[in-house]
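A.B. asks: Structure below; questions to follow.
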Amino acid sequence: MIKNGTCPYWERDDLSECARREYIEFKFPLFILLTGMIYAFCKVFRAFYLRGKNHTNEAPEFEEQGNGNHEYARFSVLRLKSAWESRSFCNVNNRSTFDKFKKFIEGAFIVLQLTIHLYILSSMPMDNKKFFHQGFLVQMFLWILLLVVITLRLISASQSFRWVLACKRDLWAVSFYSYASLFTLSILPLRSVFIGKIKDKIMVKYIISETFIDLALLLLLSTSSIEGTRYSFLVENENKKLPPAPTVFGLLTFSRIDRLIWKAYKHCLGNADIWDLDINNKSIAILANFEMSSKKGRLLPNIICYFKAVFISQLFLAFVSSFLNFVPSLLMPRILSYVNDPKSKSWNLVSLYVSSMLVSKIIATTCRGQGLFLGEKGTMQLRTVLISNIYSKTLRRTILKDSTTSLQKNASTSFEENPDSSEAEPRKKSSRKDNSVNNVMSIDAFKVSEAMNTFYLACEAVFMTVTALMILYSLLGWSAFAGTFALLAMIPLNFWCATFYGNYQADQLILTDKRTSGISEALNSIRVIKLLAWENLFYQKIINVRDGEIRLLKKKATIFFLNHLIWFFGPTLVSAITFSVFIKFQNQTLTPTIAFTALSLFAILRTPMDQIASTVSLLIQSFISLERIQDYLNESETRKYEILEQSNTKFGFEDASMEWEAAETSFKLKNISIDFKLNSLNAIIGPTGSGKSSLLLGLLGELNLLSGKIYVPTVESRDDLEIGKDGMTNSMAYCSQTPWLISGTIKDNVVFGEIFNKQKFDDVMKSCCLDKDIKAMTAGIRTDVGDGGFSLSGGQQQRIALARAIYSSSRYLILDDCLSAVDPETALYIYEECLCGPMMKGRTCIITSHNISLVTKRADWLVILDRGEVKSQGKPSDLIKSNEFLRESINNDSKNTTHNQIDLKRSTTSKKTKNGDPEGGNSQDEVCAEVENFEETKMEGSVKFSAYKWLADYFGGLGVVFVFTSSSILIHGITLSQGFWLRYWLDTGSSGSKSTWLYRIVEGHSNIYFLLTYIIIGLVSSFLTSGKVWIAIISGTNVTKKIFAKLLSSILYAKLRFHNVTPTGRIMNRFSKDMDIIDQQLIPNFEGLSYSVVVCLWIILLIGYVTPQFLLFAIPLCALYYTVCTLYLRASRELKRIDNINISPIHQLFAEAIKGVTTIRALADERRFITQSLVAIDRSNAPFFYLNMATEWITYRVDIIGTLVLFSSSVMIIMKAS
């Protein structure tokens, strides 16, 4: 009996009447009344006071000052958010009509409760039962408060009470809090009624009616959409599918995804079937919030600051879940005591213990699911933050002169594992190779984001360890500290393993960078590789780097084996030491009740030990990847927004000296002073290597300005510019010497974000000599150009890049030798009709060229460069008279092109050349046919058996897999024998003897014999289990080596047609993220699956052996488990496939941004490309988000089924005992 003064809390097997009246009926309802009333009053008063005032959550405006803000305007997500919202369709997921009708039912139930209380209160005899009267009065006032609350919720739709909307969610929270609290309080009185402790008929009817009305109200609110929350969705079109409005029940049990899972069960899912993300999970909202909460500095503190609310929530949920997970262990000694002696406790009390086990496990499972889902949602958000920051950095990063190496250099040195340190070190310090940036995004960003899942597991592990040790101390006394010290002694071993694992991981990532960089270079140069038959050379170089990766993977497998061995053998060692101290030094009797309760705690301890080991390992990998991301984000950025000065009258240089950032050569542009003529054609000539391209890049602000000034018409973002009356904007367009095209159609590449005007488009196509080519293509302007223009000839690529600059609304054009890849006749036509034609009216054009006679023919201003210096400049006619070298160069060019003079009519041009390419270029029949735009597809339905057999064949066949699985059954049988041995030891009664413990003889054996055998069984089991894992990983590593070699060979030796229609980003996704999954997740996950299946089968067999009646429950539970798993497998399979497909466009965007960053920045089009990346990220996040929700959906249900197994087996055991 538990007492509190004169009022006992508990009487034998039930709550006392005094406690029920004082606490259940009075004090707790009074607390609910006061807290609910104060909270509701404050929220309603605030809403009423602030009525009519406009409060928004808009981001604070920033002051524009200094040149640095031009960069902020281009890259700030806060600036981008408003533009995004204005262009997107905002849909609100409103409450259904049935949900609104439920509120009237809710009000009717509240009125019914008030009526019942008034009736009982009026008919109650006035006596000295103070708490009885007070309790009814308090509860009546509480129901009056809830009636007021439901009334306010009902009238919130009225225009006269619109201010109530501001606190509608708070009012709903008060109702839910009250219903849930009252129903919880009514459970114990209802139990008292069922076991016959309450005899009064009126009270019995009252308690039953109150409980079921409270339950009805709670169910009404739990299954209705949450009020006061607008779930808005920013989508590209109004037909995008939206998820159902969330309910409390749906959020807690993840039932919100039921419809999607059922749809996936009936037919295959596509991108159109995936629900959109609500606005709070959109990348634009995530980044805007992150930007507002972040400060300049390292990434880690900003991440912690942004996710602090998530961390605090996970900390609380982990605490609750960890404590409740031990409730079955705390109740187990009492249940076992009843099993040993049914007369020691009443059936009612033991049934309460079993029910408490069920309830505690359900609540613990719910808390754990919510904590893990918070981590998974945080993973998605952190991944969004990292990928977006890396992409934004790519658009801001300084370009390097040596960023693009020659193919010969790549073939000879790119894959060397130990390059000369004298050459490698400066490069390492200056910048990461462009081709390895994709690796930072695809591997490092994902590894860092996965660390969000580990925080909850780490907190849970710490809480579970502390709680288990506390319970062990209460059970075993100070001998539990002996086990604790043994546990602490293992921590240095874990950290030692983690340190080595981290070092190997860092080395592996370096080799992965080299591998992906080499593959990217090979894909970008695949035409030349096939032309020179270098496939075998590149294959061997990449395989050599891959072999280094495989060696490191095997070293990591060895460390994993040691860590696994510590994890498995730890509980055995700890339990052996604890039991030894308990028996020998404390001189206590080790009974089966104590032993198996302690063993259950040690078994629970194994989970946090595993979590700590895996968490440390994952955190080390994450910190290594985070450092790599931080190093990339710390790389030097372009200073163009600082060095360029805006001027409406000047366009050029004033005594400017410039150099390349981190250049390997000492080349500089020295003392450049040029004032380009506005609304004119300006030409720059000079010998090869004189600095013409560097000069144009300097004008764009891409070089490092050492001294002087650079004047440009604008430094503002493209979206912020105003269109003039002539349709032009005061901006620049750039056409590089090497044409840069995006994967898309010809129209996409030419229009490039501008408003499409068919007449203007046709004029540009004609002036750039593209109209004949387009007519020859089946799809016309909708023809896909392939990855980076791969399907087009060099001349076509350059003319499309030129057409993009001409079609743009920019008033200033910067063209870098844009006619070098076309034949002389086409070059002359483009020069006359395009660069000197009506398309250039009112525009300023700066062009560099080696064709001196062509560009000087009609140029208004000529600049001659030599060795980085301006030798002369002026009108071409004046320079020709005064410069003999220029005069001779023009005469030589004129002699060479005399026989190519043509009539400027288009008919003659098309007869002499194909595609406008120089003689010997790719023919139109070869490269200009319509290129189909193949979208990445996915398999449908279940994974075919042939796929499993294909993987099994790499292992050595299905026989090897069968032997491996069978060994798991045998090994776990050995593990279970340890428990049987302990039971046999205890049944011998050896611990009850008074003789010397170590040499006590029972049935011819001493206690040391039993103890050593117990330890040996645990050690053998641990070695076999860990060895099986090690063999599996080593074998899997050899398998991944073969798979990679097969994949690489297929790609390198594929026909050009395949490369024409397959974007590089899609291929890189296979070699980066997919290969990383195969390397590090496939085999461990398979081994974990086989282990779990074996353990599950053994548990069912053992429970069935001990309690055969359990099999009656096992059959429906197994059927339920099969149904749940079948539903999940189909949904998860489809979602994983879609998720994997939707990542490829992100890879493609990165590849395009790396190649075309100069063009993008010149066009001031960074904001549009960032928007495209955010759309791609959202497209990838949607299936990832719902895949995680589906994972928690099945995890929750499987845990509930496991809880039902525990509950049903416990019921069978106590029924058998009674």
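For all residues, glycine too, the Cβ spot is worked out from N, Cα and C.
Sharing the feature lines straight out of Swiss-Prot:
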TOPO_DOM  1-29  topological domain 'Extracellular'
TRANSMEM  104-124  transmembrane segment
TOPO_DOM  125-130  topological domain 'Extracellular'
TRANSMEM  131-151  transmembrane segment
TRANSMEM  170-190  transmembrane segment
TOPO_DOM  191-201  topological domain 'Extracellular'
TRANSMEM  202-222  transmembrane segment
TRANSMEM  303-323  transmembrane segment
TOPO_DOM  324-351  topological domain 'Extracellular'
TOPO_DOM  471-481  topological domain 'Extracellular'
TRANSMEM  559-579  transmembrane segment
TOPO_DOM  580-584  topological domain 'Extracellular'
TRANSMEM  585-605  transmembrane segment
DOMAIN    651-892  domain 'ABC transporter'
COMPBIAS  892-901  compositional bias 'Polar residues'
TRANSMEM  954-974  transmembrane segment
TOPO_DOM  975-1013  topological domain 'Extracellular'
TRANSMEM  1014-1034  transmembrane segment
TRANSMEM  1083-1105  transmembrane segment
TOPO_DOM  1106-1109  topological domain 'Extracellular'
TRANSMEM  1110-1132  transmembrane segment
TRANSMEM  1198-1218  transmembrane segment
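Help me understand the surroundings of these features in the structure.
C.D. replies: Computed over the topological domain 'Extracellular' (1-29), the whole-number mean pLDDT of the model equals 76.
Residues of the same chain lying 6 or more positions beyond the ends of the transmembrane segment (131-151) and with a Cβ under 8 Å from any Cβ of it are 21-22, 25-26, 29-30, 32-33, 36-37, 40, 103, 106-107, 110-111, 113-114, 117-118, 120-121, 124, 171, 174-175, 178, 182.
Within its own chain, the transmembrane segment (170-190) is flanked in space by residues 15, 20, 24, 28-29, 32, 35-36, 39-40, 43-44, 106, 142, 145-146, 149-150, 152-153, 164, 198, 207-208, 210-211, 214-215, 217-218, 221-222, 226-228, 248, which lie at least six positions past its ends and keep a Cβ under 8 Å from the stretch.
Across the topological domain 'Extracellular' (191-201), DSSP helix (H, G, I), strand (E, B) and coil residues number 5 helix, 0 strand, 6 coil.
Taking Cβ pairs closer than 8 Å, the topological domain 'Extracellular' (324-351) reaches residues 12-14, 195, 357, 360-361, 363-364, 367, 464, 467-468, 471, 475, 592-594, 596-597, 600-601, 604, 1206, 1210, 1213-1214, 1217-1218 in its own chain, all 6 or more past its ends.
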A.B. asks: Using Cβ atoms and a strict cutoff of less than 8 Å, what residues sit near the topological domain 'Extracellular' (471-481) while being 6 or more residues removed from its termini?
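C.D. replies: For the topological domain 'Extracellular' (471-481), the sequence-distant neighbours (Cβ-Cβ under 8 Å, at least 6 residues beyond its ends) are 326, 329-330, 333, 578-579, 581-582, 585-586, 588, 594, 597-598, 601.
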A.B. asks: To the transmembrane segment (1198-1218), which of 303-323, 585-605, 1110-1132 is linked by the most Cβ pairs under 8 Å?
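C.D. replies: Top-ranked stretch among 303-323, 585-605, 1110-1132: 1110-1132.
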A.B. asks: Quickly jot the same-chain residues contacting the transmembrane segment (1083-1105) by Cβ under 8 Å, restricted to those at least six beyond its ends, or write none.
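C.D. replies: For the transmembrane segment (1083-1105), the far contacts come to 964-965, 968-969, 972-973, 976, 1028-1029, 1032-1033, 1035-1037, 1039, 1111, 1114, 1205, 1209.
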A.B. asks: Going by DSSP, how much of the topological domain 'Extracellular' (471-481) is helix, how much is strand and how much is coil, in residues?
C.D. replies: 9 helix, 0 strand, 2 coil
